[in-house]
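Have a look at the structure below before the remarks.
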């Protein structure tokens, strides 16, 4: 049954806009029987500005493009060495609300890092995952027709300097950290593999079907 099956798509390195439009298309065209999916991807350097985003939080983008997008939250950075995961989930079918989905995503990251003896936690007033008040994962979702898209970004082994060109998630002086510094997963592939396990467990998926890349129908 589709309720207990999660399709996991490994997209490799893909530009942000093409993946964004693909997840919009999937969400717009899905119906009650369309399977839930989790897309795992890395993006080239890009700043994305959420719907609540204020331009003053983009300090000095330089040669990195800024894209205005339709997710919640403020500005963030994506780049090589960062695990990006997009849960395309029918939350109406799962009978959970958006707050529960956010909590499940945050807990999936916290539990994954626990496996490396890294003590991470979420904050009620600032979505994402933190270690010693430094942010290791950012979160921004959109719900349309009872289904989620956009998702999370986990810093793994990347050039962190572009975060200094913005106020990450709208917080001036927020310090970012990455898994490599913390003794967590050392590669995006390793982090993705571990996160798929904790995420699917927390959302109650019993069957995982793995795919490489996107097909025209995404199914």
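Glycine residues also receive a Cβ, built from the backbone N, Cα and C atoms like all the rest.
The feature domain 'BPL/LPL catalytic' is assigned by Swiss-Prot to 32-207, with sequence analysis given as support.
Summarising the annotation, Swiss-Prot assigns substrate binding site to 71, 72, 73, 74, 75, 76, 77, 78, 138, 139, 140, 151, 152, 153. For residue 75 (substrate binding site), applying a Cβ distance below 8 Å and a minimum sequence separation of six or more within one chain yields 47, 48, 49, 50, 53, 57, 58, 66, 166, 167, 168, 169, 170.
Taking all protein chains in view, 22 other C-beta atoms sit within 10 angstroms of the C-beta of residue 135 (site 'Lowers pKa of active site Cys'). If you look up Swiss-Prot, you'll see 135 marked as site 'Lowers pKa of active site Cys'.
The feature active site, acyl-thioester intermediate is assigned by Swiss-Prot to 169. For residue 169 (active site, acyl-thioester intermediate), other Cβ atoms within 10 Å of its Cβ number 22.
Long-range Cβ contacts of residue 71 (substrate binding site) within its own chain (separation 6+, distance under 8 Å): 48, 50, 51, 140, 141, 142, 149, 150. Spacing of residue 152 (substrate binding site) relative to residue 135 (site 'Lowers pKa of active site Cys') is 12 Å (Cα to Cα, whole number).
Over the domain 'BPL/LPL catalytic' (32-207), the average per-residue pLDDT in this prediction is 95.
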